[in-house]
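Asker: Starting off with a structure, shown below.
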Amino acid sequence: MKKRLFTPGPISVPEDVLLEMAKPIIHHRTPEFLQIAQQAVEGLKYFFQTKNDVFIIAGSGTAAMEASVVNLLSPGDKALVISGGKFGERFVELIKTYNCEPVVIESGWGNPVDLRLIEDTLNNQPEIKAVFATLVETSTGTSYDIKGIGEIVSRKPETVFVVDGISGLGAVECRTDQWNIDALVSGSQKALSLPPGISFISISEKAWTKINNSKMPRYYLNLKKYKKAMEKFDFPFTMAVGLVVGLRKSLENIKQEGIENLWQIHRRRALAVKNAMASIGLNLFSKSPSDAVTAIVLPEGIDGEKFCSDMRKDFGMSVAGGQDKLKGKVIRISHFGYQDEFDTIAVIAGIELMLNKYGYKVEPGTGVREAMKVLFSI
Ligand code: PMP
């Protein structure tokens, strides 16, 4: 059976990237590797839409999230977190772990955030040193107004704006410099179409001032070490050589496609799934659905966990279940990674078949038809 990954990371990796990574491993302190790293970092700047420094960290996305906290804050600092799901909550946990004080604006799972609340909080508590937000909250499939938040934070010269773009970057519009993002975090196993294992962080001039003055203890994630090494396109510690080789290839593909086209492709896939689900009577969980991940509410009485494991067993399709309070209630489909229009059709067909198996009667092809209209403009 053919295996298809629709999980919001890890995702399927394109053959040309897999073949690059299958080449013999080279040493990480050689001119050959440093040139690959240089090209990868230049590609990342395009991917991030930034002229700022971008660093590669060997570690999953959470490592880069942790890097933002330990470099930009000092113990005791107050930081505002906009949280509406599992990964917003992760920022809160990280901030507490390092003895800083989170001030949380809870948007509610699946809801967008009220920008006036952010502005009022920053006006009332000028001691807030950083604002943390998420581009796409993977647990709910929700997009946040990062541009709007960035505008507000940019008016505060002492406050930096940190964004978790792990799920969204490359799938939805995000312009680091234009949107005043001081630190943008991302990971390899999402829209970059790579295996998991490396993460990224961009740092603005404003953020460097914070880093240089920070009193937080840190070692592996000390970005000053990364900056020094990056002068020669080197890394302070042994880099994940194979993944960086794959990264260079993947970024080359993205550059060729064009980042705006990539956003458009994801928009079309997400719309196809949304219309397909509406046609069979299923709702999306999010009130501000993203083009990166779609969370679909299952009909009452269907166990999401079992639904996902049967999708895998019966059709070879991996979709994700719900997390925490959404466990068993939703399924989540990613639109990033090595997928094409026919994969989107396949997952919709799989969902229709599985719903019928569970007694929720759907005329086969109803959702597929709606999706085809979007995907193929028919
Ligand atoms: N933030 C978001 C938005 C994510 O989707 C994820 C991973 N699903 C993470 C953070 C954590 O990344 P990782 O699992 O790579 O550490």
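The count begins at 1 with the first shown residue.
Note: Cβ is positioned from N, Cα and C throughout, glycine not excepted.
Pulled these from TrEMBL:
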- 26-323: domain 'Aminotransferase class V' (DOMAIN)
- K190: N6-(pyridoxal phosphate)lysine (MOD_RES)
- R332: substrate binding site (BINDING)
Asker: Do me a favour and check the Cα-Cα span between K190 (N6-(pyridoxal phosphate)lysine) and R332 (substrate binding site); whole Å is fine.
Answerer: 14
Asker: Sequence gap of 6 or more, Cβ distance under 8 Å: name the residues on the same chain that satisfy this around the residue listed as 'substrate binding site', in order along the sequence.
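Answerer: Correct list: T7, P8, T138, S139, G141, V293, T294, A295, I296, V319, A320, G321, G322.
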Asker: Helix, strand or coil: which one is R332 (substrate binding site) in, per DSSP?
Answerer: strand
Asker: Across the domain 'Aminotransferase class V' (26-323), what does the mean pLDDT come to, as a whole number?
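Answerer: Mean pLDDT across the domain 'Aminotransferase class V' (26-323) comes out at 98.
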